[in-house]
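Listed in TrEMBL for this protein:
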COILED    39-73  coiled coil
DOMAIN    9-79  domain 'Large ribosomal subunit protein uL30 N-terminal eukaryotes'
DOMAIN    85-125  domain 'Large ribosomal subunit protein uL30-like ferredoxin-like fold'
């Protein structure tokens, strides 16, 4: 007589299986939510990049239009001043005037070959006129492309 015996599974094992299933379901729901959020973020980023590209293209077209207009009038088009500069000190601060030294410290230029980006405004232009023009051999100033 072949009677099938029911295998008895201990209660802690059943509890563990149930808990693992609940955790797996919760993890899957979290992953699905994260995927939806990432997809929405990617769409937003893509649309912003598209908008920026369009703006830059319009700026380039406007620049070309201004240059052509100036050429037709027999003049020259002068680019507007940069709004951002990059400053790199190429010499140390030894034997430097205290005011110039203080300005460099305020601009976070304490080490040579460590540069900073600066927004061009009235204050930076004033600092530039007081110390940067006199000692222009001590640092390099340029505009990012």
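One-based numbering along the chain as shown.
Using the three backbone atoms N, Cα and C, a Cβ is placed for every residue, glycine included.
All TrEMBL annotations are machine predictions without curation.
Helix, strand and coil content of the domain 'Large ribosomal subunit protein uL30-like ferredoxin-like fold' (85-125), in residues and according to DSSP, is 13 helix, 9 strand, 19 coil. Secondary structure by DSSP for the domain 'Large ribosomal subunit protein uL30 N-terminal eukaryotes' (9-79): 62 helix, 0 strand, 9 coil.
Mean pLDDT for the domain 'Large ribosomal subunit protein uL30 N-terminal eukaryotes' (9-79) in the predicted structure: 96.
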